[in-house]
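**Q** So Swiss-Prot lists the following for this protein:
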DISULFID  117-129  disulfide bond
DISULFID  278-311  disulfide bond
DOMAIN    105-142  domain 'LRRNT'
CARBOHYD  282  N-linked glycosylation site
REPEAT    143-164  repeat 'LRR 1'
REPEAT    167-188  repeat 'LRR 2'
REPEAT    191-212  repeat 'LRR 3'
REPEAT    237-257  repeat 'LRR 4'
REPEAT    258-279  repeat 'LRR 5'
REPEAT    289-309  repeat 'LRR 6'
SIGNAL    1-19  signal peptide
SITE      301  site 'Not glycosylated'
């Protein structure tokens, strides 16, 4: 048995020796093995390797093109929901914003088919139409609060020019050619605070709203019948009343208690009564608010009626001779 075992071992050793590779079959780079130690750094200098294409590090396995991603693709329903979320903007509370309503960004059309805010200048709730050679009030946006149309050629104010403008607070039509105003042109404006109509040709004032605080109708043609009786009586918030350079022959009475300034210079006022400003039945009455009265340029002698000023904090400005 020992002889048989030795025979088998010998055959295995012989087979291994026969199948072993010879030196001629080994391929190697002789230049590398013949290099000196000083040249080895040059052979393995990676800084000089061109970077024009991507390099693969040793022991790094590139994923094959057929390899499936670990994250499964979204289901059809989920994909539709994601698309809807991306296309529809959401508010903080998760609701969808309302579609904006466009009601004429440039305002209503004028008679020349131009939007008012293209012909004029609209800034927030203020409309400026100064010096545009307008001959009529243009249609105004509903939210207009302040309207300026100075230095134009407007001749008439119609009752519908400011209709339904419930937020209108100031109207300034200085230096036009206005000679006629419809009776209801201003009366139905619930928020009107300031009315400026100076430098026009107005002969008759229409009924005005009691909400007015500032009125300037200077340099017009108001005469004896130009202002209605008790026109300013119920204007409890009226502070300034300017009627200079007209043809008035009397002071329009009664005047509001809170009036601060009354300018009537350069009219035709010839007389004044003791109760024009004061209460003759109450000698202790003092009219504290009315500090600015201008009567200069009128044919009136203020010295003839001294009792008319006893309740005033300051004497009116005017002729004393």
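Cβ from N, Cα, C; glycine included.
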**Q** Non-local Cβ contacts of residue 129 (disulfide bond) (under 8 Å, 6 or more apart, same chain)?
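**A** The list for residue 129 (disulfide bond) reads 116, 119, 120, 121, 138, 147, 148, 149, 152, given in order along the sequence.
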**Q** Mind checking which residues of the chain, 6+ beyond the ends of the repeat 'LRR 4' (237-257), have their Cβ under 8 Å from one of its Cβ atoms?
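**A** Counting only partners 6 or more residues beyond its ends, the repeat 'LRR 4' (237-257) has Cβ contacts under 8 Å with 198, 211-224, 226-227, 230-231, 263-272, 276-277, 287, 289-290, 294.
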**Q** Please report the Cα separation of residue 301 (site 'Not glycosylated') and residue 278 (disulfide bond) in Å, rounded to an integer.
**A** 18
**Q** Which numbers of helix, strand and coil residues does DSSP report for the repeat 'LRR 5' (258-279)?
**A** 0 helix, 3 strand, 19 coil
**Q** Between residue 282 (N-linked glycosylation site) and residue 311 (disulfide bond), what is the CA-CA distance rounded to a whole number of Å?
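**A** Roughly 10 Å, rounded to the nearest whole number.
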**Q** In Å, rounded, how far does the Cα of residue 278 (disulfide bond) sit from the Cα of residue 117 (disulfide bond)?
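**A** Approximately 49 Å lies between the Cα of residue 278 (disulfide bond) and that of residue 117 (disulfide bond).
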**Q** Over the span of the repeat 'LRR 6' (289-309), count residues by DSSP class, listing helix, strand and coil in order.
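**A** When I sort the residues of the repeat 'LRR 6' (289-309) into the three classes, I find 7 helix, 3 strand, 11 coil.
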